[in-house]
Amino acid sequence: MPGNREEFDIEKVLKSKKLEAIETSTEKKAPYTVFESTDKLLLIIVLSLVGFWSAISSPIYFPALPTLTKYFNTTPSVMNISVVAYLIFQGIAPTISSNLADTFGRRPVILGSIIVFCAVCIAISQTNVYWLLALLRCFQAAGIAPVFAISSGVAGDICTPANRGGMVGAVSGLQLAGNGIGGLVGAALISGFHTWRAIFIFLAIGGGVTFIFAFLVLAETSRRIVGNGSIRPKNVLNKAVLIYLPHFKNKITNDYSTLQPKGPFDILGPFKIFFQKEVFCTLLPSGMHFAAWTVSLTSLSTELESAKYNYSVMKVGLVYLPQGIACFIGSLIAGRCLNWYYRYRKNLYDKQMNDVPLNDRPPFNLVASRLTLTIVPLAMMVIGLSAFGWCLEYKKPIISIIISTILISFSASVMMSICTTMLVDLYPKQSGASASCVNLMRCWLAALFTGVLDKIISALGLGGTYTLLTGICLLTDLGLVYVLYTANQRFVNYVSPNQTAVNSDAEDY
């Protein structure tokens, strides 16, 4: 497979970007996208709403776990299987469907995902046996999970690297807010309707309303189908009602020069990206941060409802709210900072290379312009995670637990935004597939640690467990140091093609 590995090499990607910039620098180019700021805002709203149901579907289930354990007359460890299974399928599904979206368009895959999600939610609300509940949760995850990766693909379609971070941050912030407030919503539904079935009826209704909205206004953005947005899609599934309105109709100029060539459907595409050494070292810490956040949410509901705190379901739900807000704010701040820092480093690069011919310039250090910002979320995760475990262990005041969950959720959301943006930058033609790698790593790690959480707590206690998780986070964070070092060395040791030719001639002489 050496040929496939070369195809997805980061260094090759960066060099190709440099050559592309040189070739087109003197040409009059069509705009990167015809989507204006209002169009992008509408897309952010639609994608955020769709992704919200994907994000909320996992944590909304947590407050119901004690109730479901009693209802199905089973044990907490057996009940956790449904949580782990959900996370596994949430990770696997986007690696397949994101390729479908890259090949056949974003719109039909998103709409199909919502339909499957709604149908499964209705089925779960009528379930009376545990094995069927666990099975249907797998289908629920597989149905709606792809929208996270596809949303990042849309950002790659309509945003340049200079402003891509802002859109990824805004969309992922609104989506991950569902992950933050899911516990509160689940607790409110159980308390208000006195049945766990209300959770899935709520999800079905919310998903159905979102489907109608998306069906009307979600425009196709895939550059393989609509180019920069100026080409009218041929397939009816890719056509939104929106494109027939005067505001959008005037932008349809059928500029086929902006159309990307269609590639074959490659089911292994995401895995070819996933197992690149530098990509894997970036995915591992971001996935570990998300996994730590997920298990902290699980412990939060279990411990606060236990005899130690004896909180009601609704009171536990309220504790979830602050970290949900922190998650949303964190992603928005990350998006702003990514845009600002990219422009700062790009301007610095342009000034340094002002007197260097285009052909002799090293490629812009795109990796450093993204990953340098990870130092803040890394520090916040270490502080928040270690404090969370020991505060629960010794039954400290609830405010200390809330503050620690704020640090954890803020850190996880910022890390997700940074790593997702970087992968979309590196693989813009496979933006959906690259973003699905983030999803795959975060969900599989979350499934792994959720599955073994009870056993680790039994052996080490809460404080020891979260201290161990802190250490694992620190260990995986070393991967980012390696990636940054490699990127900087590549920049410092760059030899231009002209210099190579001169050296070669000198040796011949």
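Using the three backbone atoms N, Cα and C, a Cβ is placed for every residue, glycine included.
Keep in mind that what you see is a predicted model, and the values were worked out from it rather than measured.
Swiss-Prot annotations:
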TOPO_DOM  1-41  topological domain 'Cytoplasmic'
TOPO_DOM  63-75  topological domain 'Extracellular'
TOPO_DOM  97-106  topological domain 'Cytoplasmic'
TOPO_DOM  156-169  topological domain 'Cytoplasmic'
TOPO_DOM  191-197  topological domain 'Extracellular'
TOPO_DOM  219-278  topological domain 'Cytoplasmic'
TOPO_DOM  300-312  topological domain 'Extracellular'
TOPO_DOM  334-370  topological domain 'Cytoplasmic'
TOPO_DOM  392-397  topological domain 'Extracellular'
TOPO_DOM  419-432  topological domain 'Cytoplasmic'
TOPO_DOM  477-509  topological domain 'Cytoplasmic'
TRANSMEM  42-62  transmembrane segment
TRANSMEM  76-96  transmembrane segment
TRANSMEM  107-129  transmembrane segment
TRANSMEM  133-155  transmembrane segment
TRANSMEM  170-190  transmembrane segment
TRANSMEM  198-218  transmembrane segment
TRANSMEM  279-299  transmembrane segment
TRANSMEM  313-333  transmembrane segment
TRANSMEM  371-391  transmembrane segment
TRANSMEM  398-418  transmembrane segment
TRANSMEM  433-453  transmembrane segment
TRANSMEM  456-476  transmembrane segment
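In the topological domain 'Cytoplasmic' (97-106), helix, strand and coil residues by DSSP number 9 helix, 0 strand, 1 coil. With a threshold of 8 Å between CB atoms, the same-chain residues lying at least 6 positions outside the transmembrane segment (198-218) that come near it are 42-43, 46, 49-50, 53, 56-57, 60-61, 64, 106-107, 110-111, 114-115, 117-118, 121-122, 124-125, 144, 185-186, 189-190, 192, 240-242.
Taking H, G and I as helix, E and B as strand and the rest as coil, DSSP gives the topological domain 'Cytoplasmic' (419-432) the counts 13 helix, 0 strand, 1 coil. Annotation: stretch 433-453 has the most Cβ pairs under 8 Å to the transmembrane segment (76-96), among 107-129, 279-299, 313-333, 371-391, 433-453. Here the transmembrane segment (42-62) touches the transmembrane segment (133-155). Their Cβ atoms form 3 or more pairs under 8 Å, with each pair 6 or more residues apart. Under 8 Å from some Cβ of the topological domain 'Extracellular' (191-197) lie the Cβ atoms of residues 64, 67-68, 71, 125-126, 312-314, 317, all in the same chain and six or more residues away from its ends. Per-stretch counts of Cβ pairs under 8 Å to the transmembrane segment (279-299) identify 433-453 as the leading one among 313-333, 398-418, 433-453, 456-476. Among 107-129, 313-333, 398-418, 456-476, 398-418 has the largest number of CB pairs under 8 A with the transmembrane segment (371-391). Beyond the ends of the topological domain 'Cytoplasmic' (156-169), by six or more residues, the same chain brings 32-33, 35, 40, 43-44, 106, 221-223, 229, 331-339, 342-343, 346, 366, 370, 417, 420-421, 424-425, 428, 431-432 to within a C-beta distance below 8 angstroms of the stretch. Confidence across the topological domain 'Cytoplasmic' (97-106), taken as the mean pLDDT and rounded to a whole number, stands at 81. Between the transmembrane segment (398-418) and the stretches 133-155, 313-333, 433-453, it is 313-333 that has the most C-beta pairs under 8 angstroms. Distant neighbours of the topological domain 'Cytoplasmic' (97-106): 113, 146, 149-150, 153-154, 157, 218, 220-222, 224-225, 233, 235, 237-238, 262-267, 269-270, 429-433, 435-436; these residues of the same chain sit at least 6 beyond its ends, with a Cβ under 8 Å from one of its Cβ atoms.
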